Amino acid sequence: MVRNALSQTILEVKGITKRFGGVEALRGVSFKVNKGEVVGLLGDNGAGKSTLVRCISGIHPPDEGDILIADKPVRFNSPMDARNAGVETVFQDLAIVPEFDVVQNLYLNREIRSSNPLLRWIGWLDTKAMTKRSQKSLNRLNSRIPSLSEKIINLSGGQRQAVAIARAVSWGAEVVIMDEPTAALGVEQSAQVNELIKLISSQGVAVVLISHNMQHVMDTCDRAVVLYQGRCSADVAIADVDKNDLVSLITGASGLQLAESA
Amino acid sequence: MSTTSSVLGRHDWSARLLKRQYFIYYMFILVLAGFALFLNDTGFLSPSNFMNIIRQTAPITIMAVGLSFALAVGHIDLSIGSVVALSAIVGAILLQYVGMPLAVAGALLTGVLVGLINGLLIERLRVSSLLITLGTMGVITGITRQVSNLESIPVIDPMFRALFGNGEFLGIPGLLWWTIIFALIGYLVMNKLVFGRHLLAVGGSPDAARAMGIRIENVRIKALVVCSLCAAIAGLLYAGRLAGARYTLGEADLLTVIAAVAIGGASLFGGRVSIIGAVIGSWLMGMINNGLILSGFSTDEQMITRGLILITAVAIGAREARNG
């Protein structure tokens, strides 16, 4: 596959453990994500997916274990740390302001200020520059968003997802983590989001995709990492498995042998 | 395709014209026309009367701009009326001992301090701004009454009275200057600066703002400081125009200001404000007051009218929120 030509590890998680009180939510999870790879993060409810994502995105620092970005160990104490290191997370609520338009959301808290020193000092917004650059980053995603000055509340679910993904990518993210991006979408819009995922991965961005929809995982992912009771129970190439294999891995029916074969 | 057409449908011009943000203009014209018709022999329509309305409304206008900042982040500030009296009293008392600059600084500092206390209490205790500012309103009113001994404190300083009261600059009354300056600053901050963008983000979606790294507690506290500071300036304007300060100043202003901002198109739940709407809303309230006085109505009836306007504005806002 063409993607393997890029096989350079961008994100590595090593032996991550996270405890909440007496409960061990994660017990030494390890996996790697290569540049431009789409990795499905699968697991039943309570398997530890959300906790793992929260560790990688800087919301909960892990108790033990390391996170490496491009082979360099990093420590995230806040989501901003993770973002600055190139890890963007698109959460289910998308973290977009419904009353704001597309450009305002793309540049929220990263506003471009006027080039005039005085105006810059008082925080004068350079709306023109932001609009121009937004147009560029949306073009790069073949976006179907009707207008940049459209408020988010007037956009469809798929378009909102596209705005959130565009924001992540436009900030130069090297790893984008997506939490159930298609959960609330219809068939056509899900397909659009899946296309978008393939597109950004073809541009070299690694994607970690959490999904319960096995068809989407089969359609978009290169590899699947399966969590079972806080451990990484399988790490398989999608080409080697079918939907039923994935389901039995998730439910723990056939975890270990496939993990070994992979 | 279905999404595109629904987007277009919502932007159909007739739907646009009925939007709440334009309501203030229709209301303004309607009230103006109404009074003009019934009061055409009383001088209501004379330019000097309109200038009078704008001058008398200046403190309300500035408070409305300030309250817009609090509403932008999703807070309400009920203590603004009490800050007006406190700031006026503090300024007037200080004027007896120190020069004008220090007295003004003292009064403004009072406003900043109240805003800071309001903000810190709301964020630390995680209690609604409605309840905290209701409490501080009581505390401040009590302090003001005690400090002033329920007496009026005269302001003699001619500079102070010229600056905050009946002075003129370039042939334009000082109170109009104050209105213009605050409306302009408020508009620019809210629409053109990073700070305003963050205020609206915090009010519109606190979770999104936090997720994008905005320190929402700080933004909210700043908004309340701005709001309180505007009320303190309103207090100075009253003290300047009336040549004295009294604990009753600003007493009835809270309702007027909230009504002005609400009718001007702000959402009382945060994330949407209109500075221009707030300014015109305050003028509308001033015009209604003026018209009612000229028609021979009493203060009681003016108060009833203000209450009804607030209810109308809130009802329209709620209907729009439901219909999306």
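Residue 1 is the first one shown; counting continues down the chain.
Note: Cβ is positioned from N, Cα and C throughout, glycine not excepted.
Automatic, uncurated: that is what TrEMBL annotation is.
Copied from TrEMBL, the annotated features are:
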{"type": "TRANSMEM", "residues": "B:23-41", "note": "transmembrane segment"}
{"type": "TRANSMEM", "residues": "B:53-73", "note": "transmembrane segment"}
{"type": "TRANSMEM", "residues": "B:80-98", "note": "transmembrane segment"}
{"type": "TRANSMEM", "residues": "B:104-122", "note": "transmembrane segment"}
{"type": "TRANSMEM", "residues": "B:129-148", "note": "transmembrane segment"}
{"type": "TRANSMEM", "residues": "B:168-190", "note": "transmembrane segment"}
{"type": "TRANSMEM", "residues": "B:219-240", "note": "transmembrane segment"}
{"type": "TRANSMEM", "residues": "B:252-269", "note": "transmembrane segment"}
Report task. Six or more residues out from either end of the transmembrane segment (B:252-269), which same-chain residues have a Cβ under 8 Å from its Cβ atoms? Result -> 20-21, 23-24, 27, 59-61, 63-64, 67-68, 71-72, 74, 76, 78, 80-81, 84, 234, 276-282, 284-285, 303, 306-307, 309-310, 312-314, 317, 321
Query raised in the report: Residues of the same chain, at least six outside the transmembrane segment (B:219-240), with any C-beta under 8 angstroms of its C-beta?
Result: 58-60, 62-63, 65-67, 69-70, 72-75, 77, 79-81, 83-88, 91-92, 104, 107-108, 110-112, 114-116, 118-120, 122-123, 129, 155, 160-166, 175, 178, 182, 195, 198-199, 202, 209, 249-250, 253
Report summary line: Given the transmembrane segment (B:80-98), its same-chain partners at Cβ distance under 8 Å and 6+ residues beyond its ends are 59, 63, 66-67, 104, 106-108, 110-111, 114, 136-138, 140-141, 143-144, 147-148, 153-157, 160, 227-228, 230-236, 238-239, 244-254, 257
**Report entry** Winner by Cβ pairs under 8 Å against the transmembrane segment (B:53-73), considering only B:104-122, B:129-148, B:168-190
**Finding:** B:168-190
Query raised in the report: Short question: which residues 6 or more past the ends of the transmembrane segment (B:168-190) have a Cβ under 8 Å from it?
Result: 51, 54-55, 57-58, 61-62, 65, 68-69, 72, 162, 196, 199-200, 230, 233, 237, 241, 273, 275-276, 278-279
Query raised in the report: Sequence-remote contacts (6 or more beyond its ends) of the transmembrane segment (B:104-122), Cβ cut-off under 8 Å?
Result: 75, 77, 79, 83, 86-88, 90-91, 94, 98, 128-129, 132-133, 136, 140, 160, 220-233, 235-236
